[in-house]
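**Q** Grabbed the feature section from Swiss-Prot, which reads as follows:
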BINDING   Asn6  Fe cation binding site
BINDING   His76  heme binding site
DOMAIN    2-94  domain 'ABM'
SITE      Trp66  site 'Transition state stabilizer'
Amino acid sequence: MIIVTNTTKITKGNGHKLIERFNKVGKVETMSGFLGLEVLLTQNTVDYDEVTISTRWNAKEDFQGWTKSSAFKDAHSHQGGMPDYILDNKIAYYDVKVVRMPMAAAQ
């Protein structure tokens, strides 16, 4: 399993604009190898808002299949250009090495 994060710096007070885009079912849920998605808002930032989109995949190839799909291109087309509230973003890939579950789930 891998986790891919997209951490985005957003003008202060506008983090909700990006968060709202993910608060509905989309095409990613239909993709092969997709395991889940979380939207995280960093606490206590001063100069900007920071939103991290964290997705879980069976394998990196599954994530790459998503990024090459027409559904991905449609979702990221930014008609009218990149939103002006986005300052910067960074993509990171993580190999999951250990997963722990609550005791009730482990039994």
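Heads up, the Cβ atoms here are built off N, Cα and C, so glycines get one too.
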**Q** Quick one: Cα separation, His76 (heme binding site) versus Trp66 (site 'Transition state stabilizer'), in Å?
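**A** One finds 12 Å between the Cα atoms of these residues.
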**Q** At a 10 Å cut-off from the C-beta of Trp66 (site 'Transition state stabilizer'), count the other C-beta atoms across all protein chains.
**A** 21
**Q** For Trp66 (site 'Transition state stabilizer') and Asn6 (Fe cation binding site), determine the Cα separation and express it in whole Å.
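**A** Per the Cα atoms, Trp66 (site 'Transition state stabilizer') and Asn6 (Fe cation binding site) stand 14 Å apart.
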**Q** Counting each residue once, how many in the domain 'ABM' (2-94) are helix, strand and coil under DSSP?
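**A** Split into helix, strand and coil, the domain 'ABM' (2-94) gives 24 helix, 37 strand, 32 coil.
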**Q** So how many other Cβ atoms are close to His76 (heme binding site), meaning within 10 Å of its Cβ?
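**A** So the number of other Cβ atoms within 10 Å of His76 (heme binding site) is 9.
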**Q** Counting across all protein chains present, how many other Cβ atoms fall within 10 Å of the Cβ of the residue listed as 'Fe cation binding site'?
**A** 14
